[in-house]
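Sharing the record's features from Swiss-Prot:
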BINDING   SER65, GLY66, LYS67, THR68, SER69, TYR205, ARG217  ATP binding site
Amino acid sequence: MDNPFIKYSRSDDYIIGNLKTLSSSYIPDNLPHREQQIELMARSLSSIMHGGIASNILLYGQSGSGKTSSAINVTNMLRSAAGDRVSIHYINCEIYDSHYSIMVHMVNSFIGEEQIPNLGLPFDRIYYELVKRIKSRNLYTLIILDEIDRLLSKNGSDSLYVILKLLGDTEGSIIGITNDSSFINKLDMRVRSRLNAESIIFTPYNADELRDILKFRINGVIKNGFIEDSAINLCAAIGAQEHGDARKAIELLRIAIEYCIRENRERVTIDDIYMARERFEMNILKESVKTLPIHSKMVLLSAILTQEVSSDIAVTGEIYENYKNICAEIGLQPLSTRRISDLMSSLDDLGLIVTTTRSMGRYGRTKLIKVSQPVAIKNYILEDENFKNFQGSRIVRQSKLRTNYDDI
């Protein structure tokens, strides 16, 4: 068999560097159009350089506005300048969503090979071990809490209170990262007072700034002329429309470049960017559906099946009855109507369904549900192993409640 990779070697004609610069995890040494925010962070943290206590910092801004990259960039420079005096911990609060898991993660970063378990040990022992290790090394601890609002939504102010107590018992500060502009107002007074953070705002990138960022990322990586200027401009325009999202603009360009490499195309055009956007959005949709809990998938499938026979609109009562039929076919116990209502609210928040409340006269008020992309979503749901024997349940319709929904 011929080597299947030979046909891709011609990409060397226009790829002269490492495409990791277009990876979402790549943190460049320079961040165009974030010089002001980086300088403000450096100024706030500068007291660490002469033995002082730095202010806590909160970074606000939309997704893709450079908050995380800037925080990591600044703390890398701090580590380079301060050396072993500073212990820096990056915590993604989507993954480590409690003070217990955060403390375990931090202790394990000091221990090395003999890691302590994520569960089972009393919290006061973990706390003691962490304080002891920080003090024995005479370290200044800087904790980056990415998506810090996740801690608040799950645990109230308690987790942040414990983290701030740790930094008070040792020496340290936090850099909190959030896209929730009202985050500080949701904290209780004891935590807000202890936090006393400086706020730094990351305004959305505009199209010109995104164009600069894209050109910076491909400079020295892609040969001139391989990507049409109009393609870069389109990526920047799409990112600007999405609240100045640099991450999306970079991802679109990466998908388009990789597609053109695979297809041995001569250059990246605006058509390739449109194709990349379609793939990008479908990937997000697929991932959103795949990661849903099983009962959320069954509710969504019920809405789709009901919608297929009901003029593209499903009534909540119909959805619940058909959901119970799906549960019976799959062999699971149905949840209560109240719990299903909560699941539908979550699906609405994710943009997978659109909910409208409509008066039904003497029948009262009901919610009408429309699934946004029913064909694609149905296919993604049925890829789940739990649905491998699903044959299609009998569809219930509440004809008394059905009126004219053509305007929805």
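Yeah, the Cβs are placed from backbone N, Cα and C, and that goes for glycine too.
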Quick check on the binding-site residues: of SER65, THR68, SER69, whose CB has the lowest count of neighbouring CB atoms inside 10 Å?
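Lowest Cβ count within 10 Å among the binding-site residues (SER65, THR68, SER69) is SER69.
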Using a 10 Å cut-off, grab the number of neighbouring Cβ atoms around the Cβ of TYR205 (ATP binding site), all chains included.
27
What is the number of other Cβ atoms found within 10 Å of the Cβ of LYS67 (ATP binding site)?
26
Using Cβ atoms only, which residues of the same chain lie under 8 Å from ARG217 (ATP binding site) while being at least 6 residues apart in sequence?
THR21, LEU22, PRO28, ILE250, LEU253
